[in-house]
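Some notes on the structure that comes next.
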Amino acid sequence: FSCNLSDLLCSLPGLLYQEYRDKSTREEIETRRLQDSQTDPEETSPSEETPSEAEPTSTAENKAPPQISLLRNSNSRFNLWQDLPEIRSSGVLSILQPEEIKLQEAMFELVTSEASYYKSLNLLVSHFMENERLKKILHPSEAHILFSNVLDVMAVSERFLLDLEQRVEENIVISDVCDIVYQHTVSHFSVYITYVSNQTYQERAYKQLLQDKPAFREVISQLELDPKCKGLSFSSFLILPFQRITRLKLLVQNILKKVEEKSDRECTALDAHKELETVVKACNEGVRKMSRTEQMISIQKKLEFKIKSVPIISHSRWLLKQGELQQMNGPKTSRTLRTKKLFREIYLFLFNDLLVICRQIPGDKYQVFDSAPRGLLRVEELEDQGQSLANVFILRLLENADDREASYMLKASSQSEMKRWMISLAPNRRTKFVSFTSRLVDCPQIQCVHPYVAQQPDELSLELADVLNILDKTDDGWIFGERLHDQERGWFPSSIGEEILNPKIRAQNLKECFRVHKSDDSQRRKLGSRNRQ
């Protein structure tokens, strides 16, 4: 480039990263809507098939969310790699194949989004962390919990961005970026694990400071009102590193979908993706570990054992689901609704390796009267037998606390609650639809159009534009799904998504997913053959 790329990248994302990310994901949703409405996915133009950079459709059927038009009219100078004056004047667009132009756009987005992210991190540090009034209010230990190692994260982002800039300056056509992603992920991105693992402490400290220190609350509110923040909250800046490391993995996936198969660029993309996945998993595990330990200690204190005591706290144990169900009293033939109460309340704590069955007793305590290893649980749905037996299922303990088989007839409050319990209790039980990991040719799919934060351990938090296979659904508005980009499973309300109706688009999504995870598959095959030996 003849211009200075650093100046270009500073002006390019006129948006802070939060806005840039929201714009990208919403445009990705619109592109998928457009593709889904067409009979042939190949009919989309090159720019439409660059999800996060595509211009949204403006048809009556697919109205773009209002944010998109506002963001598109921001002071951003360029949207696409092919819109750069240097690219247009070079004549390179008439030489490159459409597939290569799509790949250039995907790599360019990774670079420009890193510039936008760095800009937002810089604002978090200069505008909030280094504010003199805030420094006087916060004790050093409070500031450390609140901002953690954000300076390290920012230094890593700056170094990463400089290397990306240098690569883009080398040639008008970008050769690759995934080799740089790989090197930085392996050598420097561990700072993200430290930052994200502190998230639970950070959220708690922030809530506590807002509650206990009016001066802190006042300064934060004033800083948020500064035009620099563009109406974004302080907490949206604090969560940036976790959002970025997750998004970076998806940007590499987008590149991987566009590189030529069995090429050097495919190898570097697969390597980068694998390393990023390791970091993202470590980040997730770091967050979960702390909250799980606290939760297990809290549960242990509430349990009183009527049977032989089972030690609850273990470093390898965590809660999957808890809640109240109705247990049928005695054989169903001996009871009617007119006589003694048909059902009585019991309370279940289901862990990843253990089930404990309790009755609630005064003082927010639970008396345990049975238990079983999770691997020895079986469930069976009762066929509809009238209103009194709606949402009833049989839970069998192949070996309970007394070393014998036991059965419980349990009633849930709704169809979705019954299905959620059945899937949690017996995860290997066949769902309505088969997972894509079975290499099924087609499976119902949904894309997320409203973000969702999980409220229960068996639910799945979803980001805009996430695509999931639908494994099961209920009549009262819940879906059990498997997210394509990481195979995480969980429940979520059907209202947050739109089903993908075009079978060609579903097949394309699966094909791309298999390709992204083929290195994982080969690794599993290697491990499997080693185990057999």
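The count begins at 1 with the first shown residue.
Glycine residues also receive a Cβ, built from the backbone N, Cα and C atoms like all the rest.
Feature annotations, courtesy of TrEMBL:
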type	residues	note
COMPBIAS	23-35	compositional bias 'Basic and acidic residues'
COMPBIAS	39-52	compositional bias 'Acidic residues'
DOMAIN	102-286	domain 'DH'
DOMAIN	318-430	domain 'PH'
DOMAIN	441-502	domain 'SH3'
REGION	23-66	region 'Disordered'
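Residue counts of the domain 'SH3' (441-502) by helix, strand and coil are 3 helix, 29 strand, 30 coil (DSSP-based).
Assigned with DSSP, the residues of the domain 'PH' (318-430) fall into helix, strand and coil as follows: 20 helix, 53 strand, 40 coil. Residue counts for the compositional bias 'Basic and acidic residues' (23-35) under DSSP, split into helix (H, G, I), strand (E, B) and coil, are 13 helix, 0 strand, 0 coil.
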